[in-house]
Amino acid sequence: MIYIIAAILIFGVLIAVHELGHFLAAKACGVRVNEFAIGMGPALLKKTKGDTQYSLRLLPIGGFCAMEGEEEDSSDPAALNNQGFWRKLLIFAAGALMNFLAGLIIILVLYAGVKAVNVPVIRGFAEGCPLESAAGLQEGDRILSIDGERIYTFSDVSLLLGRNKTGDFDLVIRRDGQKLRLENFHMERGEYLDQSGEKFTGFGLYFGAEELTFGGRLQYCWNQAVDFVRLVRLSLQMLITGEAGFSDMSGPVGIVSTITTVGEQSESAAAAAANIAYLAALIAVNLAVMNLLPLPALDGGKIFFLVVNALCMLTIRKQIPAKFENYVHLAGFILLMGLMLVITFQDVLKLFH
């Protein structure tokens, strides 16, 4: 039950943070906000300050930022529909930016006390590993990219090596200060002994660790957040190419199940809290990226129409009718809700298998 509550709070806080981004950007741009709410459902507390009503609502599942001129045109100069391109762009993108920032802050907190991290630098080779040679890999090599994908953190090494099914890799490494490219470099998995004498299946490479300076910690946390963006892109890419199917998608129920599994498999309460917080950071960045996709009803869809309207004004001096755009967003919202229901039903079925 505690993990279900944690999941609800994570979603609630992240959605509220998203709406806070829109609210702060709207206020900064002089747009009138009619109501800013934390939570959904019946209002528990209400307070009006200036032109805005602030409310705290019963259900801790997000919130909303109701701006003048958002749903239909208004003659108010402070309405959203009467703002210029750049102000609208900032307001539409601010929610996603706040989600990304939330994810980054969580990562910074998690790594605040970490002294050292694993790095993609080869510190040795297992006995029998055939990869060490003058024309291959050597101790001290730092792996910079695999198959064209940059290495942001150490975990990327296993992720990107695992994506390649051919065994032939394009590697970029740094050796003695110089970049080297190893094209069609063949590597095969095998059974080796790690440095403690335990068997493992892998490529026979030993990697090292480096101490984090203050600047290095900031860079590492930034790289981790950017890496989360890449994970979302790779997931979408797999869906488009057919490498992943509809059954691999998860909604709120699936994420609650994942959070529960992560919590229950953690060695201690402190480890569970840290692991769930790490997952919350991933969810935050995921929400940021998904909201910027150019799909109707999402912030990215609004940005898409904003750009199209700007191009139309430059070329034919006309804009797409606001009513048509609203219909498109409504249709998109209905389709997204339908997709969410199907995914939720699928997640529930998985719980019984």
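Including glycine, each Cβ sits where the backbone N, Cα and C put it.
The following features are taken from TrEMBL:
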type	residues	note
TRANSMEM	89-114	transmembrane segment
DOMAIN	102-177	domain 'PDZ'
TRANSMEM	276-297	transmembrane segment
TRANSMEM	303-320	transmembrane segment
TRANSMEM	327-345	transmembrane segment
Tertiary contacts of the transmembrane segment (303-320), defined by C-beta under 8 angstroms and 6+ residue spacing from its ends, are 85, 88-89, 92-93, 292, 294, 328
What is the number of residues in the domain 'PDZ' (102-177) that are helix, strand and coil, as DSSP sees it? 18 helix, 27 strand, 31 coil
Predicted model, mean pLDDT over the domain 'PDZ' (102-177): 92
